[in-house]
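Participant: Among the features that TrEMBL reports, transmembrane segment is placed at 6-29, 41-59, 71-94, 106-127, 133-154, 166-187, 193-214.
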Amino acid sequence: MVPNTVRVAVGILGDAATMLLFATPILTFRRVIKKGNVEEFSCVPYILALFNCLLYTWYGLPVVSSGWENMTVSTINGLGILLEIAFISIYVWFAPREKKRFAFGLVLPVLTLFGLTACLSSFMVHTHHMRKVFVGSVGFVASISMYSSPMVAAKQVITTKSVEFMPFYLSLFSFLSSALWMIYGLLGRDLFIASPNFIGVPMGILQLALYCIYRRSDGAAGKLHDTAIDQEKGLKAVVAMPPQELAGTKPEAEGQK
């Protein structure tokens, strides 16, 4: 009874951390809507996250799991599906034609693969254990892909020496979510939940480390940029000073003599 209570508590904490993780891109897409441009943001993490949410929502339902033993997994990933669909829709709306095509080229195979997984696990596999093995194996591959996708942003951070396109809170909540779900899976002896997060935890640590390293570079560059702007404004103020003011200072200086 006590271990199950602890597991449920960890699952609730995992839900909270994952909800914050899913909600973090709201700030990113607020910027996209405001600028009317997706800039250098990639759609890959959101599409892979959608695939992961679809699979683990299915995994947590009684069709695959025994009863509602993984209800917390199913509920939070169900919320994730709605949010990821919203993010992908906004991305596609504001993306240029080439990026639209790329996004559709990823979304369609993802939906097809999920549909095949759901159908096969429902009609071709007849026990909960084998369904968990089948869906969990596909989910494991999807999770590895999802946790690897931020490496695209990490590569961009290293190349540009800027963390502008790798938000801090996304990395932080990714790490917390992975750590909590890893513990949840271990407590329930469910390797299909725990094992993907063995990779998610170090990936989150790596992103946080990169943020700390290159955030300093951004800060130094920002200070230089602000200084340059201030100097430019000062120069403009001198150049823009009216002739009469310059003339007015001359007699005053002569009077003091």
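Numbers here mean position along the shown chain, with the first residue as 1.
Keep in mind that glycine also has a Cβ here, set from the backbone N, Cα and C atoms.
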Participant: Find the member of 41-59, 133-154, 166-187 that has more C-beta pairs under 8 Å to the transmembrane segment (106-127) than any other listed stretch.
Facilitator: 41-59
Participant: Are there residues at least 6 beyond the ends of the transmembrane segment (41-59) whose Cβ is under 8 Å from a Cβ of it, and what are they?
Facilitator: 22, 25, 28, 32, 65, 70, 73-74, 77-78, 80-81, 84-85, 87-88, 91-92, 95, 99, 102-103, 106-107, 110, 113-114, 117-118, 121, 132, 135-136, 138-139, 142-143, 145-146, 149-150, 152-153, 165, 192
Participant: Would you kindly check 71-94, 133-154, 166-187 and say which stretch has the most C-beta pairs under 8 angstroms to the transmembrane segment (193-214)?
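Facilitator: Selected stretch: 166-187, with the most Cβ pairs under 8 Å.
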Participant: Report, as numbers and ranges, every residue of the chain located at least six residues beyond the transmembrane segment (71-94) whose Cβ falls under 8 Å of a Cβ in that stretch; write 'none' if there are none.
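Facilitator: Answer is 8, 11-12, 14-15, 18-19, 22-23, 25, 29, 32-33, 36-38, 41, 43, 46-47, 49-50, 52-54, 56-57, 59-61, 65, 100, 103-104, 107, 184, 193.
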Participant: Six or more residues out from either end of the transmembrane segment (133-154), which same-chain residues have a Cβ under 8 Å from its Cβ atoms?
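Facilitator: For the transmembrane segment (133-154), the sequence-distant neighbours (Cβ-Cβ under 8 Å, at least 6 residues beyond its ends) are 42, 44-45, 48-49, 51-52, 55-56, 58-59, 64, 113, 117, 120-121, 125, 165-166, 170-171, 174, 178, 191-193, 195-197, 199-200, 203, 206-207, 210.
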